[in-house]
Amino acid sequence: MERHLGDSGLDSKLEKSLHPFQRDQGSVECTIPKDDGTLASFVGFRVQHDNARGPMKGGIRYHPEVEPDEVNALAQLMTWKTAVANIPYGGAKGGIGCDPSKLSISELERLTRVFTQKIHDLIGIHTDVPAPDMGTGPQTMAWILDEYSKFHGYSPAVVTGKPIDLGGSLGRDAATGRGVMFATEALLNEHGKSISGQRFVIQGFGNVGSWAAKLISEQGGKIVAVSDITGAIKNKDGIDIEILLNYTKEHRGVKGFDGAHPIDANSILVEDCDILIPAALGGVINRENANEIKAKFIIEAANHPTDPDADEILSKKGVVILPDIYANSGGVTVSYFEWVQNIQGFMWEEEKVNDELKTYMNRGFKNMKEMCKTHSCDLRMGAFTLGVNRVARATVLRGWGA
């Protein structure tokens, strides 16, 4: 197992003061026999950014373009996200450079098991707890759990996002989307509004976007446009989300849905609405389209959907942006609940999971707003200041400070 310290740390004093474990990067070669008998090699990564506040936490993604710099950045983002949510974790991230669509189920299982064999001494219930990410899911977590347990005994708390039958939490599937709804509710309440009657545009109709759309529409919000990789649709009177969800299950996308008319997918972000929810890729709101955005509020359900140039333009326009490290933290928060349930050996009812998530999201918003008032800054700066301060305090209290 190759282990070496990463060399791409922040230049801040905080980064230098963190203990030597910070930004430990492991890369491993995973060679598996394919179904046709040939051998194939893949490179896997596990980057561990910080553990001042507790075990490290972060997803494992299977994607052709998994590379160290991106994994490093995502691991660091998890450190701040878990701190903002005030759950006792640090940040990590991992992945394998592969195209899961070109591998059979048995090849994916072999690859996952070999990867787990190579990193089983890096991860652990109180060390580093992986979760699903792009290209992985509950089945991947089940394989990791089984392979890890061969070395360490049955350990359901070593991964989260597991199937319910292996200790997964009720409510986990909807958690990020539900967190987005609670975050939206908290922001609108602050501005004397409610979800009911507001017009929403949602870019991305995968797990997060579809759950957010369903839950927001149940609260009386009007979803006027949505898009996914197949195309974009609009209905100014509001799209019936229940019917759309059934349609997308059958047709694997929103394209062709007859309860709305098709629009150019590139125009989705600039459609007329009150609240825009980018729930797909990063960097989609940029200097090219920021001036055209009509929404008064942007809820960042995706990771880093707004680039710094757009941030500045939108701020001058008076658009309020709810930052990703708070807005999409519902998933990692319910992952924490899953971990807690596994350690206790006592599983919660779904109602308790959802109630606790609401408590955490509301408290997180309150803490972020207090930081904004203290430092006279916007929500993004308030969220990062809150997260960095919590990590810095833990670092100093543990005696790791400079």
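Here the Cβ of each residue, glycine as well, is placed from N, Cα and C on the backbone.
Taken verbatim from TrEMBL:
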| type | residues | note |
| --- | --- | --- |
| ACT_SITE | Lys93 | active site, proton donor |
| BINDING | Lys57, Lys81, Ser335 | substrate binding site |
| BINDING | Thr176, Asn207 | NAD(+) binding site |
| SITE | Asp133 | site 'Important for catalysis' |
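Taking the mean position of the Cβ atoms of Lys57, Lys81, Ser335 as the substrate site, the remaining same-chain residues with a Cβ inside 8 Å of that point are Gly58, Met78, Thr82, Ala85, Ile87, Tyr89, Gly91, Ala131, Ser329, Gly331, Val332, Thr333, Tyr336. On the backbone, the CA of Lys81 (substrate binding site) and the CA of the residue listed as 'active site, proton donor' stand 13 Å apart.
Cα proximity to Lys57 (substrate binding site) (within 10 Å) is found for the following recorded positions from Lys93, Asp133, Thr176, Asn207: Lys93. Within the set Lys57, Lys81, Ser335 that the record links to substrate, no two Cα atoms are more than 13 Å apart, and one pair reaches that distance. Cβ environment of Asn207 (NAD(+) binding site): Asp173, Thr176, Gly177 lie under 8 Å away, each six or more residues apart in the same chain. With respect to their backbone Cα atoms, Ser335 (substrate binding site) and Asp133 (site 'Important for catalysis') stand 12 Å from each other.
A straight line from the CA of Lys93 (active site, proton donor) to the CA of Asp133 (site 'Important for catalysis') spans 9 Å.
The Cβ of Asp133 (site 'Important for catalysis') lies under 8 Å from the Cβ of Gly58, Gly59, Ile60, Arg61, Lys93, Gly95, each of these being in the same chain and 6 or more residues away along the sequence.
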